[in-house]
Amino acid sequence: MPRGDETPTGRRPIRSALDPLSQPYFSGLTTAASMAKEAIMGGLGSDYRRSESMRILSDLTPAMMNPRIIGQASSSKRSLPPGARPHSLLRLPTSLPSSFATISTKTTSSSLAILESVDKLASLSLDQPRLHSLQEEQPSLIRGFKATIPSSEMAKQRRRLIRGGMAEEELGGKMGLKRLGDRARGLLTEGGEEGEGSESSADVGGRRSRRKAREKRRAGEGKHVKGKYHLEDLVKQADEIAQDKDNLQTRSVSYSLIHAEIGEVSAKIDTLEEIRRRLEESLLHLQEEQLELDDELEGVQELMTSPEMTSAAGTKALPNSASGLSTKSSRRRRGPAFLPSEHDDLPSGVAFMTLMGHTGPITALDFDEPYGMLVTAGQDDVVKVWDLCDGEEIGQLRGHNGMVKALQVEDTLCLTGGADGAVRLWDLRLVDDFEDRLQKMTQHEDERNVLDRIAEHDDGEGFDWDEGPSGYTDHTAMSRLEEDNGPCVRVLEGHSKAVTSLYYEDNVLVTGSSDKTIRKWDVTTGQCVLTMDILWAISNPPPQAPSAPSSSSRRKPALRHRSSTSFGSNHYDDLLPSPGPGTGLMGAGMSGAQLLAAATSAQFAVPTPPYADGTWEMYQDFVGGLQFWGYALASGSGDGGVRMWDLRTGQAHRTLVGHTAPVTCLQFDENHVVTGSLDKTIRIWDIRQGAVAETHRYEYPVTALQFDSRKVVACTGENGVEVYNRTTHAHTRLIVNGHTKPAEKLRFIDRYLVSGGRDGCAKVWSM
């Protein structure tokens, strides 16, 4: 029910809410008068009261006789009509205390607006929170104390003991369950072995009495239990049960507190997990910095041992840290690249330069250094040289009959392997000059009359002409210009089919071809010094040393010592592991029989799995990748095998088995070999154990890869370039301003990456 000062909606006006606040200030004078009265009338009392009254009066007189207070009291009485009380809002203190009397007050528009709106504010209602309902829900402190003290459980324990005693009485006494439990756990019971005879006789008697008690209870159908309880006992137990339920209900109020504590603990756990994650990221960042410093130190040491530094130093001794090091090829260079300071301003993971010039997919690319010279080759049978500073084309490398499938750039030397089986060595410093001479001669020939050029030849002998879009073109002049080979400084011939991979270091060149051979060349003399036959290695595998089984070998014990070159096998499926059901020529892998048949056929050709854009082609590169270091050579071939060769003997001494499709790319360092394949996987092999350390699967075939101590960068049949962080094991993809068709080839140095795609474009990335 609403109170007398409340409206029917449960609200009461502000006037009644402000009365208690303004009442102490309005009754100030009344209180002072009562104190004066007490002081004056105190003289009629005892001496103590008289002295106390005089003290109060003496203390109160200065305040009562203050002219300011007397003036305010008189003015307030004159402003009010007789018998009227001031407004509740006006009774609030509107002046500062006496201690702040020296501070001047200033009337503002806000204070005047408040005074003008007093009546309107007084008519508003003020919600009165009903706290009594909430207080009724919360138990009192005494009630909560009684519900949680240990004595609140005594009634329940007493009822349990009463029922237990009745049950034991019905069963004919104690059964010795505790002793049975102790014996079951192997514990010694009271009495030990001495009392076993007496206990056994007592047990026999107890069992008889318990059987009689059970028969009696069945006959009585529970009436004997009712007879042992009195009405007062049952009423008392009912009251105790009700009290226990009430105590339980009281304790249940603390459920919210328990849930709140659980929430706090969960929040603390989340906070700790976040702290742990940040610490792990910091640790991984420190590891990456350590690897970067190691690479930088190795790069500085390589520069210290370079011929230029040693010749400039003369007789000066090199530091001990530089001893025992040899200059490495750029394929295995680990030191940081000398990037311009503007490179740091580039956004990471964005292709900031696009080189367009090929009309077909790019088949190979390489550059000497960041912002240096780039060489690209495409299916349009054109090899272009680019300036990476401004993205302009410098010229072309003309000489191959067909497309170029493999190339490498070392300083100013470029090596290309073409579909004609030849390997050409180019001096990139001569390209610009050759293009100028070619352009001048072409302009001179275009200015001459066609009839005059024909008249120079007797009966057209030795005249090579063709009718093109711009008229008759004389190829004889170009042939005369190319007789000096232009930028080409040497041609190596020996392969009978296309050269599909090559690797050059320290005047030694190793090439792999679709004729299923690997050749070692002396670049200085241009002679082939060693030929390795892959088919012979397949039919004569090296003896496999027993090794510790890997995780995959534990799942398939039959593959523990299986090799792709197992000799004496009766079935082709035993030579290579099968990828499983549901895979075929267009799937992720091939069966052992299919792959071996394709590898040993006269013309090697297998269909690639579809790329991200749905296109596919026939893959004919039997040697997909190779690299050597000293006398150690690693190659990946069309049979899916990764072989380790000895360049001194030309023998394969180890074969790494795992890929179920041709290997398309390969690279290795001191501890690991990383390979990519058409089976849509990248495998990181541990050379020391001869087993796979990591396997990364993708949706499309892997066509190119390169790695260093911190990351693995690969082309995986999609428009973006895949980057795998070897420290954090995180996968990212470079897609911003990237290729419009799948990327196929790549090359990076430090944080500078160039990729080539099936769209005929080369993209330059900042990593």
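Every residue gets a Cβ built from N, Cα and C, even glycine.
The feature region 'Disordered' is assigned by TrEMBL to 1-21 (among others).
Per TrEMBL, region 'Disordered' is recorded for 188-224 (among others).
Look at TrEMBL and you will find 207-217 (among others) tagged as compositional bias 'Basic residues'.
Residues annotated as coiled coil in TrEMBL: 231-303.
What TrEMBL lists as region 'Disordered' is 310-342 (among others).
Under the heading compositional bias 'Polar residues', TrEMBL lists 310-328.
According to TrEMBL, the feature repeat 'WD' maps to 355-396 (among others). Note: the repeat 'WD' (355-396) comprises 0 helix, 24 strand, 18 coil (DSSP; helix = H, G, I, strand = E, B).
For the repeat 'WD' (397-429), the model gives a mean pLDDT of 94. Look at TrEMBL and you will find 397-429 (among others) tagged as repeat 'WD'.
Per TrEMBL, the feature repeat 'WD' maps to 492-531 (among others). Mapped onto DSSP classes, the repeat 'WD' (492-531) shows 0 helix, 26 strand, 14 coil.
Per TrEMBL, region 'Disordered' is recorded for 540-584 (among others).
What TrEMBL records for 553-563 (among others) is compositional bias 'Basic residues'.
Marked as repeat 'WD' by TrEMBL: 633-655 (among others). Long-range neighbours of the repeat 'WD' (633-655) within the same chain, counting only residues 6 or more positions beyond its ends whose Cβ lies under 8 Å from a Cβ of the stretch, are 510, 512, 516, 518, 520, 530-532, 534, 537-538, 541-542, 544, 563-565, 576, 595-596, 598-599, 604, 606, 619, 621-627, 661-666, 668, 673, 675, 677, 679, 685, 690.
Among the features that TrEMBL reports, repeat 'WD' is placed at 656-695 (among others).
The repeat 'WD' annotation in TrEMBL covers 736-767 (among others).
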For the repeat 'WD' (397-429), residues assigned helix / strand / coil by DSSP: 2 helix, 19 strand, 12 coil
